[in-house]
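Student: Annotated ATP binding site per Swiss-Prot: G112, S113, N114, G115, K116, S117, T118, in sequence order.
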Amino acid sequence: MADYQGKNVVIIGLGLTGLSCVDFFLARGVTPRVMDTRMTPPGLDKLPEAVERHTGGLNDEWLMAADLIVASPGIALAHPSLSAAADAGIEIVGDIELFCREAQAPIVAITGSNGKSTVTTLVGEMAKAAGVNVGVGGNIGLPALMLLDDECELYVLELSSFQLETTSSLQAVAATILNVTEDHMDRYPFGLQQYRAAKLRIYENAKVCVVNADDALTMPIRGADERCVSFGVNMGDYHLNHQQGETWLRVKGEKVLNVKEMKLSGQHNYTNALAALALADAAGLPRASSLKALTTFTGLPHRFEVVLEHNGVRWVNDSKATNVGSTEAALNGLHVDGTLHLLLGGDGKSADFSPLARYLNGDNVRLYCFGRDGAQLAALRPEVAEQTETMEQAMRLLATRVQPGDMVLLSPACASLDQFKNFEQRGNEFARLAKELG
């Protein structure tokens with residue numbers, strides 16, 4: 001456990017995570033200063049009066065006088081103010097680093113471009129099924145510092161690449177990178193390898209590394225070593241087995257669960273289940289209770305969630321598909337009897353959309369593209385694409401065309417922030433319109 005007594009601590013970024021950092025230091029007798037680039041950040045009204053605050057920008061004078069800066073994942077380390085502080089030798093960490101210095105129980109750590117929330121939640125459910133007192137959070141749900149508890153027997157953390165950049169004390173009992181596809185390229189000007197390098201930090205000091213046999217970018221930089229366990233579609237220690245029209249989860253040659261016993265569906269969810277099982281095994285959770293959790297877990301909202309089935313039409317909310325790889329995962333192996341009406345659009349975060357093209361070739365595909373990067377997405381296959389300003393306009397247009405056997409799929413391949421508060425609001429709006437129009 002670290003000692004922060006007498007340290008001049010500055011926290012950048014408020015919200016729930018920022019407040020958890022403030023509470024963390026106050027509980028240790030240290031009163032931090034807080035700054036946020038927003039004029040009225042969420043949580044400002046909850047700051048104790050004793051805590052000095054600066055809003056509407058960064059305060060370089062405070063930063064350069066600090067002994068320790070706790071930076072929100074929302075601010076790039078390349079920001080000139082943070083670069084100057086780093087050059088001056090000032091320590092810069094994030095909330096996950098503070099957590100790792102304090103946590104007394106083993107940590108299962110999960111990152112990846114797609115699927116990480118599902119896998120994190122699943123491993124948490126596996127632990128609960130085994131009767132283990134587990135804390136689940138990080139990049140989803142509760143901030144990590146709010147999970148700290150002497151009674152906790154296991155922590156399961158979802159970690160973003162931004163969080164990993166400021167973390168050096170993580171020693172996970174099991175860690176995984178589920179996949180690496182282009183995302184947040186606006187924060188990684190040197191491209192995919194720079195983004196991957198941030199993700200790879202999760203393996204440092206990990207006891208077991210769970211890698212994706214189908215994605216070489218998830219391997220440690222020097223290749224697989226004795227710490228590595230793999231999962232994949234057709235290969236890996238944990239893989240899918242297809243026999244007589246049925247699909248099984250298989251571990252090291254042994255069939256352990258028929259996927260028809262699972263509530264989750266789709267190949268991407270079956271591989272998520274394999275990854276979760278590998279992590280649970282590595283953390284020492286009993287296999288039987290982990291498999292039981294797989295049969296009861298229904299999935300998370302906004303992740304290939306069927307929100308309406310009416311008149312033979314399925315309306316599917318995959319609003320969490322905020323990048324190309326996530327939409328690829330939704331389209332890969334997708335079977336639709338009639339026409340697929342695919343809603344794409346939003347803020348593409350400087351991504352390359354071309355990998356989607358191979359999934360859009362069928363005669364039964366229609367594209368409805370909206371938002372900031374709608375034109376770029378419509379250009380993937382202009383002859384079957386319609387472009388509108390908003391998602392609502394697109395949905396009202398397609399609603400006049402759907403037939404029994406069709407699927408309406410919101411899997412936008414983009415962030416939502418150009419037109420929505422977050423992906424949840426976008427997904428809720430889709431669900432509301434589906435119920436109105438379907």
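Even glycines carry a Cβ here, placed using N, Cα and C.
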Student: May I ask which residues of the same chain, at least 6 positions away in sequence, place their Cβ under 8 angstroms from the Cβ of S113 (ATP binding site)?
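Tutor: Spatial neighbours, sequence-distant, of S113 (ATP binding site): L178, N179, V180, T181, E182, D183, N323, G325, S326.
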Student: Same chain, not part of G112, S113, N114, G115, K116, S117, T118: whose C-beta falls within 8 angstroms of the C-beta centre of the ATP site? Give them in sequence order.
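Tutor: My list of surrounding residues reads I110, V119, L178, N179, N272, S326.
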Student: With DSSP assignments reduced to helix, strand and coil, which class does T118 (ATP binding site) get?
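Tutor: Helix, per DSSP.
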Student: Go through G112, G115, the listed binding-site residues, and name the one with the sparsest Cβ surroundings, counting other Cβ atoms within 10 Å.
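Tutor: If we count Cβ atoms within 10 Å for the binding-site residues G112, G115, the smallest count is at G115.
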Student: Out of N114, S117, which of the binding-site residues has the smallest number of neighbouring Cβ atoms within 10 Å?
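Tutor: Lowest Cβ count within 10 Å among the binding-site residues (N114, S117) is S117.
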